[in-house]
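Novice: Taken from Swiss-Prot, the feature (6S)-5-formyl-5,6,7,8-tetrahydrofolate binding site applies to ARG23, GLU86, ARG125, LYS457. If you look up Swiss-Prot, you'll see 221-377 marked as domain 'TrmE-type G'. Summarising the annotation, Swiss-Prot assigns K(+) binding site to ASN231, THR250, VAL252, THR255 and lists sequence analysis as the type of evidence. According to Swiss-Prot, the feature GTP binding site maps to 231-236, 250-256, 275-278. Per Swiss-Prot, Mg(2+) binding site is recorded for SER235, THR256, and the stated evidence type is sequence analysis.
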Amino acid sequence: MYLEDTIAAIGTPVGEGGIGIIRVSGPDVPAIARRIVRRVNENGDFVSHRFYYGTVVDPESRDTVDEVMAVLMRAPRSFTREDVLEIQCHGGYLVTRRVLDAVLQCGARPAEPGEFTRRAFLNGRIDLVQAEAVIDVIRSKTEAALNLAQHQREGRLSERLKAVQGCLRHSLALVEAFIDFPDDEVDPASRVEIEAKAREASGRIEELLEGFDEGRVLRDGVSVLIAGKPNVGKSSLLNTLLQEKRAIVTSVPGTTRDIIEEVVNVRGLPLRMLDTAGIRETEDVVEQEGVRLTLEKIPQADLILFVLDGSRPFDDDDRMILAALAERRVIVVTNKSDLPVTLRIPGELEGVHTVAISTATGAGIDDLREAVFETFIHGRAIDSREYVALSQTRHRDALVKARGRIAVFFANLAAGNDLEILAVDLRDALDAVGEVTGETTPDDILELIFQRFCIGK
């Protein structure tokens, strides 16, 4: 990647649409704009951030390519902090390709995936946390996930990380001051200040780490597998949660043979719901394969909804399923609460969260949604504008490393080890936090991060 060249890409999805957008960034943008954008009733230089109506013309033949709106944004007042040209043309595969080709004929090169965002990062407009949040904004499936991503894109998580870095730099500056003046002893007041700032940094890191599990599930969603014997209402439960008829429901046992997957939004938490084949002993070869797939999926799920028929006794098929759920996160769902209750919950399930529902009447469904939500989001106000959380494993791992280096610092401080050793510990902690924000992130990790982006972003 060369920041001194000019890049271009189509910034809208391929296919028919109302408009297509071609983005161009780099030093040749003003020359490209003058060469291919023919403005109506306008002459002279482009005024920054003003929309112009006109046409894009082929740079060689001067034939009209399309009717467009175009805006040139002068550096540094653009997304990449470079000169940027955005051309809005008619949507469609061929016309957007022709406009892009006109730009490329003027010397621009095709952009790599995520290269516009990468330039914004390398030019200091955003840090790496904000860059990663851009793709999370695009891929968000719920309002809560979008809010979390937007908060990160706006820099709220970055502000908390800067506060951690500020504490560590404060401690490090004091330590290095005494290293520079070896004749001076570390006085008690300075030692207290060094220790206090390091503890504050550690506490701030701990607060961020505590919110990781919730941030991760908001970003990535969780897999929830509906398990149970045939005809207990698993498919009816999926349809009820979806509020549409997605799975076939009949009175014939074994109707569901394959795994059906759908996404359900529960208060902003994306649930990947898996409706599975009823688990039982069977001679049917196809049904056996469905049971095998279900048992294979159980260990991979984040949560199991173990559905029981409240109007029938707990039997051997239920017990076989219970054995497969050992050490899994489970909510017991007793369906058919509108019928006389015959089921007795076995002792092995005592203490497991149980919700009584009726898919026929809808009773208890809101209670079930709340139980699933609280399993992953422990009372936090995820819809609050103040909600900020870690959501990337990369961030969590780097902060765990930073916390570990601070712990080593305290051990060396207590042992009375040399100031140089204490300084190394604090620098290592700072470097670990810098891996999150991009200040010390290795190039190979940067490559992996920006490869996840689409071309044009």
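Cβ coordinates come from backbone N, Cα and C, glycine included.
Since this is a predicted model, take the numbers as computed values, not measurements.
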Novice: Test of understanding: give the count of other CB atoms lying within 10 angstroms of the CB of ASN231 (K(+) binding site).
Specialist: 19
Novice: I need the CA-to-CA distance for ARG125 ((6S)-5-formyl-5,6,7,8-tetrahydrofolate binding site) versus ALA277 (GTP binding site), whole Å please.
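Specialist: Rounded to the nearest whole number, the Cα-Cα distance is 51 Å.
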Novice: May I ask for the distance between SER235 (Mg(2+) binding site) and LYS457 ((6S)-5-formyl-5,6,7,8-tetrahydrofolate binding site), taken between their Cα atoms and rounded to an integer number of Å?
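Specialist: Distance (Cα to Cα, whole Å): 40 Å.
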Novice: Counting across all protein chains shown, how many other Cβ atoms sit within 10 Å of the Cβ of LYS234 (GTP binding site)?
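Specialist: So the number of other Cβ atoms within 10 Å of LYS234 (GTP binding site) is 29.
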Novice: Neighbour count, 10 Å Cβ-Cβ cut-off, for ARG23 ((6S)-5-formyl-5,6,7,8-tetrahydrofolate binding site): what number do you get?
Specialist: 22
Novice: Report, in whole Å, the straight Cα-to-Cα distance of ASN231 (K(+) binding site) from ARG23 ((6S)-5-formyl-5,6,7,8-tetrahydrofolate binding site).
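Specialist: Pair distance, Cα basis, whole Å: 55 Å.
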Novice: Compute the C-alpha separation of GLU86 ((6S)-5-formyl-5,6,7,8-tetrahydrofolate binding site) from ALA277 (GTP binding site), stating it in Å without decimals.
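Specialist: The Cα atom of GLU86 ((6S)-5-formyl-5,6,7,8-tetrahydrofolate binding site) is 51 Å away from the Cα atom of ALA277 (GTP binding site).
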Novice: Average the pLDDT scores across the domain 'TrmE-type G' (221-377) and report the rounded value.
Specialist: 83
Novice: Other than its own, how many Cβ atoms are within 10 Å of the Cβ belonging to GLU86 ((6S)-5-formyl-5,6,7,8-tetrahydrofolate binding site)?
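Specialist: Taking all protein chains shown, GLU86 ((6S)-5-formyl-5,6,7,8-tetrahydrofolate binding site) has 19 Cβ neighbours within 10 Å.
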Novice: To see if you understand the setup: which same-chain residues, six or more apart in sequence, place their Cβ under 8 Å from that of LYS457 ((6S)-5-formyl-5,6,7,8-tetrahydrofolate binding site)?
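Specialist: The list for LYS457 ((6S)-5-formyl-5,6,7,8-tetrahydrofolate binding site) reads GLY11, PRO113, GLY114, PHE116, THR117, VAL134, ILE135, ILE138, given in order along the sequence.
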Novice: Give me the CA-CA distance between ASN231 (K(+) binding site) and ALA277 (GTP binding site), in Å, as a whole number.
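Specialist: Rounded to the nearest whole number, the Cα-Cα distance is 10 Å.
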Novice: How would DSSP class ARG23 ((6S)-5-formyl-5,6,7,8-tetrahydrofolate binding site) in three states?
Specialist: strand
Novice: Tell me the Cβ neighbour count for ARG125 ((6S)-5-formyl-5,6,7,8-tetrahydrofolate binding site), meaning other Cβ atoms within 10 Å of its Cβ, over all protein chains shown.
Specialist: 17
Novice: So if I draw a 10 Å sphere around the Cβ of SER235 (Mg(2+) binding site), how many other Cβ atoms end up inside it?
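Specialist: Cβ-Cβ neighbours of SER235 (Mg(2+) binding site) within 10 Å number 24.
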Novice: Just counting, how many other CB atoms are there within 10 A of the CB of ALA277 (GTP binding site)?
Specialist: 26
